[in-house]
């Protein structure tokens, strides 16, 4: 009756190897390989898993061992059906882990050389950040804008979270300066100050800041993003709604889209919020080319593609360009429609 390939694939993908795979996506990939490879075509003389990866036909174990020794020590991503860029991502992540390990094991105490000390470097950095740190928000302005408007409710929530970040950063930087000056004691008990000193010297984000904010690759990028996020919120308060929203600059992007749906529902009296669906159109315009807000919905920017490219002319997804890991999407028009 022949081979029951469904049974073979189940034994490989779910029992023998699948039982050892803990990640759902890895198991999905394993089952995909099993469906593609394990079938009657395996017995064809021209079959190969990938160019140069054939099923050897040998008579002794030694011959099989010899064949295995001839296989490359490092497999390219194409062997597993992946784009060549996958190897760049792997190498980058591996390098980052190695550099993080090297940084973590560096001595934390001040050196006795003639160069600038850790404390003076961090003190100068803290002064620079305090000088550029935005002032506290004035909540009275929100009341004038319309406190019950769904978009303004979302804006107030974003401002509350940004104000918390600004307060935490300002407090910890001032305390760190006082500790370095010797005004307050940086004892082992003040864990946050010690962590801030070590991380700022290594250009990394202190844990107390990361807990109330967002992740970033370096402290410089994180602080620049803080200024950019604050600029968007301040512009919204004092100059009106932006024509294009930087959606990745919000703490709660999903809440922003929900507020947009609520706004559309209130504009159409016969719509029900639970029947409203989200739609989007990818435009052919960049952020700088947008001159006015849409009649309905919102324009957003700041989204990137990973693992795919974007054909602006045809507005479709394409294969990634070699050595380009991330592709910025043009402006998107997000709007709500009645699906009832």
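Along the chain as shown, residues are numbered 1 onward.
Glycine too: its Cβ is placed from the backbone N, Cα and C atoms.
These features come from TrEMBL:
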type	residues	note
DOMAIN	3-86	domain 'Dynein heavy chain AAA lid'
DOMAIN	93-338	domain 'Dynein heavy chain C-terminal'
DSSP-assigned states of the domain 'Dynein heavy chain AAA lid' (3-86) in counts, ordered helix, strand, coil: 49 helix, 5 strand, 30 coil
Segment confidence, the domain 'Dynein heavy chain C-terminal' (93-338), expressed as mean pLDDT: 89
